Amino acid sequence: MATTVHLSSFSLFIQSRGRRDNSISSVKSLKKRTGLSPSSALTSQGGRDMIPPQGKSNDHNSAFDFKLYMIRKAESVNAALDVSIVPLREPLTVQEAVRYSLLAGGKRVRPLLCIAVCELVGGDEATAMSAACAVEMIHTSSLIHDDLPCMDNADLRRGKPTNHKVFGEDMAVLAGDALLALAFEHMTVVSSGLVASERMIRAVVELARAIGTKGLVAGQVVDLSSERLNPHDVGLERLEFIHLHKTAALLEAAAVIGAIMGGGTEEEIEKLRKYARCIGLLFQVVDDILDVTKSTEELGKTAGKDVMAGKLTYPRLIGLERSREVAEKLSREAEEQLLGFESDKAAPLVALASYISCRND
């Protein structure tokens, strides 16, 4: 009989800071739209169970090392990305611009998520790798475009000058476009023969939907139109829309695609969709917190950029302490979606939620 995940064996008690505020009602709208209730942390009482930062269980029987797992998966993804890009040829500049951003490192959270989910439902790394690389290509494309002067006007990304600072705005736009096209080409060509055609079509549709006007693009549009708005005139519903679409949508797609490629059941796919939606929002809440609590050197990108741009963020809307409470609750709700899966196979995903909530960059 399969062993199920026990949250208590991956828990660490963290005392919530400050007093709980029971006056925020608009946060509850998220549960209606997503089937989740991450913001219910705003009305919670007492301490919360959290996972240790390195993803290691407090249970002496568990030897899972998430840090090592993450390093190994990142190495596999980096190697696959390196060979996925065609050899340099004319026009050289755009090829160099593509490689500059795609191979700049990073935590590779999205491809790791795709692979871990595929393995959880019975697949393997080889089956998921092309899709995982496609997700990272699209993520990198979105970062290149997001950093442009007409968008966020950022100078640093992953500790290096942004693409347009090195290659110019025109070449950065084209590099982002090229990565977007390469993602779908790579995913479909490399996976041919590994995955049934109907599953591949479903995965492609899932990914396309996540980055179009029903996903990432929609989030970016609302994000840009919300700059300089008075936070007192904007509810949490607008902020949650931005983050559900701009950040969570691609993480959700990474998980769902991994489940599809691995042959997951409909029930498994939906549970993992909810899990990814939780960690997607969690990722952005933590990102908002880090933007106002860490330095540029620590983040590898310009700290305080969102504040300077007048963007809507969780700390700006509900304060730093309540933002931490929301992050804490999201991590717990993500873990809850993994109940019923084999504990050994689910361990990377349990630890990933912890890693995102505890990350410092």
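Cβ atoms here come from the backbone N, Cα and C positions, even for glycine.
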**Prompt:** Which candidate from Arg72, Arg89, Arg158 does Swiss-Prot annotate alongside Lys107, Arg110, His139 at the isopentenyl diphosphate binding site?
**Reply:** Arg158
**Asked** Around the isopentenyl diphosphate site (Lys107, Arg110, His139, Arg158), what further same-chain residues have their C-beta within 8 angstroms of the site's C-beta centre?
**Response** Gly106, Arg108, Val109, Glu136, Thr140, Leu143
**Request:** May I ask which residues of the same chain, at least 6 positions away in sequence, place their Cβ under 8 angstroms from the Cβ of Arg157 (dimethylallyl diphosphate binding site)?
**Result:** Ser101, Ala104, Leu143, Asp147, Asn163, Gly300, Lys301
**Fill in**
In chain order, residues whose C-beta lies under 8 angstroms from the C-beta of Lys246 (dimethylallyl diphosphate binding site), counting only those at least six residues away in the same chain, are Leu216, Ala218, Gly219, Gln220, Asp223, Gln284
**Request:** Compute all pairwise C-alpha distances among Lys107, Arg110, His139, Arg158, the residues listed as binding isopentenyl diphosphate, and give the largest one in whole angstrom.
**Result:** 15
**Prompt:** Quick one: what's DSSP say for Arg157 (dimethylallyl diphosphate binding site), helix, strand or coil?
**Reply:** strand
